[in-house]
Amino acid sequence: MKQPNINLAACILWLLSIITAVAAETDAERNTGVFARNSAARNRSPGNEPPGYATRFKGVTWDVANWRLTTTELDQGHYQSRGSVANGYLGINVAAVGPFFELDIPVSGDVINGWPVFSRRQTFATISDFYSFQRSINATNFPWLDKYGGDLISGVPHWSGLILDLGDGNFLDATVKNSTISNFSSTLDMKGGILTWQYTWSPEKHNGTYDIFYQLVAHKLHVNQALVRLEITPSRDGNVSVVNVIDGYSAVRTDFKGSGQDGSAIYTSVNPEGISNVTAFIYAELSGTEGVDLSSSSLVDDKPYIHMNGSTIAQSVNVKLRAGQTTKIDKFVGAASTDGFKNPRQAAKEASARALRTGYEESLKSHIAEWATVFPSDSTEDYTIPGKKWLPLDHHIIEASIVSVVNPYYLLQSTVSNNALAAVKNAPLNRGSIAVGGLTSDSYGGLVFWDADIWMQPGLVVAFPEASQIFSNYRVDKYGQALRNAQTQHLSSKNDTYFSPDAAVYPWTSGRFANCTATGPCFDYQYHLNGDIGMQIVNNWVTTGDTEHFKSKLFPVYNSIATFFSQLVEKNGTKWTVTNMTDPDEYANLVDGGGYTMPLIATTLKYANQFREMFGIGANQTWNEIAQNVQVSRDQASQITLEYTTMNGSTQVKQADIVLNTFPLHYTEDYTHDNALRDLDYYAAKQSPNGPAMTYAIFSIVANEVSPSGCSAYTYGQYSFSPYVRAPFFQFSEQLMDDWSINGGTHPAYPFLTGNGGANQVAVFGYLGLRLIPDGILHLNPNLPPQIPHLRYRTFYWHGWPLEASANYTQTTIQRATNRRPLTSADPKYASAPITVHVGPANNITVYSLPPSGQLVIPNRQIGSISTVPGNLVQCQPVFSPNEFAPGQFPISAVDGAASTKWQPRRASSTSSLTVTLPDHASSATISGFAFDWAQAPPVSAKVVLHDEPLHPVTDPENGDASGSSPTTPASSVTVWESAKVPLSDPYDPIKIDLNMIMSYKGNTTNVTLPSTVPATKFATLLIRGNQALGPVEVRAGNGTGATVAEWSIVRSS
């Protein structure tokens, strides 16, 4: 072990680099449309913070101080543009124009949601755990298990509709004509958990206009309640109706129970299909200001906006409007189901009535206060400049700031707070885990996958350990069924394998029952889920420090999973393996010796013995022997870890698999950083563009840990969210492209909280290098990419103690959080004792001590300053391209020091350009040449231009990109290299190349040595055209994607 050594020279160099970056940033800003739209933010001064930062999405701005996303673009009938609210118990998805039910408008003839239901896309509402029982499901993994049935989430009637009806066929609902809406804006307020709309409605053939304001909340403290407000300000007097609609169209997979009036309220009720002893009730009641005649209330059913469904009910009231005066109508919703309340009708009725008595403003106030408690300002990463609260004018950082808030926000919407539980006398409301689409979508049937345990939980539990109990509570609740599942091996290839009564196995998908089903088999499929649950359990203990809970509730589950694994494995020579299984890469099913599953089994058995000894049970020596001898296959020539024993080089990978061994598994048994780096580079090249939105978060974290140079972790970090988020509210889609006809046939899940969960891990586990290892040591390995000037990390918990950390490029400062109390479960031994901190890889640890008070300063690794290509002047420097690029193939990829990331323009048929800003310290340097790595798709032609003035005018993405245009060239620019036909260093030869061979990454490269050195300039631009990887047909049609640039280095003369 080495002791820390602060290098003064390195600190001075860092300071110079920051000054350089700030100076260079001004030039880089001039060359991007997003920066151009943020031009008003340039004139910043203390107390003059900009109200909002423009994003790349037209009309969408980000208010970083108040955590608000606002859009002025109205996009109706498309699932991507709809907002949602949820509180952990109730969830609802609503139309883009207001809190209405909405059916999707077909896009390219498609309105279908994905596997396994393949139902029509529309707005959705549900209640936590409201699962149905289905005799069969439209699509499955193992159809022969269909005879045992399965469960899918059921909807509840869509409860938020308030329709303004003018009569004569003029009404305001989701189908209102876009042309009648002006001054539109809609805002998602994530500090308050509020969704609002504001616009002017000018109905056709109607002499008058109406200023409209809608507001929607699902109460975070009183989770049986929801609130809707409608404000109407007319241009003329008039009599109208406002209709309180509870729309049964969203109550999918339910049986109608009953509906009607109950006093001044209306209600409806449904059972989930196949579950007759569970009922959900929805109550709704109105109040209003002067002009709202509540005594006129009557049921209506003959309106075009009232869908004819058994569980639909609507109530109309007369409203007298006065010109220029605002009339308010408030809707108070109560909801409950048998799963959480013994008398759901009474619970729903009382919730609605209580909200009405409390009043809208007071109810809203308590809701906002609870969100502030649940989601404090220090619980997300803060990218603002210290002391100024400004974001750097860099669109990458602006979007990173947005997702640092939306990621935990969307996950927290599916959790119930401790205060909320207390308010319902600890009803069992926080035990359902989080489905792929949360509570606002029935994507993936509303089922729970590994997504919850390994993608959503880790980044959430470190900052919100109490809310995150929902993950472990679910697995504990289903533990009894998991024990029974292990005894169903006779339905699988393991029919001759003995599993003891204390062995437990969880199904791949689960809902109400967690039994083995056709969508969620327990055997012959993704056994790794069980080890993922084990990791989730360890994360829970390391963050909360609740050893008693761990011992009594969580360890029994962990021990039973270990027992199952120990009986599942088979001896193969001297090694242990698992046959007929699937690793996380679902493109390879029913294989042997999964390259992630086997290390996961070894780690689970190792930790299980550690915990057994800790609790006085004694280690199982057979488990130790298995753990030390699991089969992990590796190609001998390339040293690439294989996903399965028969894998060959033709493999294309669906999602993160082998790279999971480095993180989150932290597997190091005969697995070095060199192995991890080889695997990362290899599998990054094998990653399918049609894979789901979470893989690149792991790539970022692993790259930050094992890369010896460059800043590819930053590139991968951008890739983890940028291509997947959608306007206006930065919700994740499962896919890079939503059109199933071009994305490999996937109807993407939306919202895809798995993507949020993955991206939510990048900063804390990547840049900070936090590892949740159950050894009583705080493990960190900080390395902040040079593109980020400063980062304050989320407050995170370790053994129940809140810690805060912040970083610049050279160092990270960590201390006990001064504004947070420890959890009640916090390990008391750290109350007055220091925390031991290990920094660095296991074979090169530096030991620190974090005192109970005071700070610990840790030097960052600063790998961005280590040149992959010696003498490279532009590694990790600001870049800009005016051209559209293939999804995720960012311009920054070309200079991040890693060949595994690539810039790829969208079109090969036109000239595309990439401009890099050279650092100020290069102003006196001379350039001797260039090094290019073109990966597998070199351009036909290329040239490099040096210049001191911007080569391109500002190009606004809102008005189209500059593809196909000829770049303007300043008179002072110099073309220093040009090739009309870029030579191939590694041309594809189908006779010599065996596609089945597993080979480490090798790209086509071009090394250029200039005839004589040339002075460095402020900018250098690479222009490329064509793509030598395209076939003749694509070239003639002119519709192929552009060439790839994996790395462009500008080499300084020695």
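The backbone N, Cα and C atoms fix where each Cβ goes, glycine too.
Swiss-Prot marks one residue of N43, N1007 with the annotation N-linked glycosylation site, and that residue is N1007.
Neighbour counts of Cβ atoms within 10 Å were taken for the glycosylation sites N495, N620; the minimum is at N495. Comparing the Cα of N277 (N-linked glycosylation site) with the Cα of every entry in N178, N309, N515, N808, N1004, these being the glycosylation sites, the smallest distance points to N515. With the fewest other C-beta atoms within 10 Å around its C-beta, N1039 stands out among the glycosylation sites N309, N808, N1039. Taking a C-beta cut-off of under 8 Å and a sequence gap of six or more, N1004 (N-linked glycosylation site) has these contacts in its own chain: D933, W934, A935, Q936, P938, L984, S985, D986, P987. In the three-state DSSP scheme, N183 (N-linked glycosylation site) is classed as strand. Cβ neighbours of N178 (N-linked glycosylation site) (same chain, under 8 Å, six or more residues apart in sequence): L74, Q76. Cα-Cα distance from N1039 (N-linked glycosylation site) to N495 (N-linked glycosylation site): 53 Å (rounded to the nearest whole number).
In the three-state DSSP scheme, N620 (N-linked glycosylation site) is classed as coil. By a simple count of nearby Cβ atoms, those within 10 Å, the most crowded of the glycosylation sites N183, N239, N277, N515, N844 is N515.
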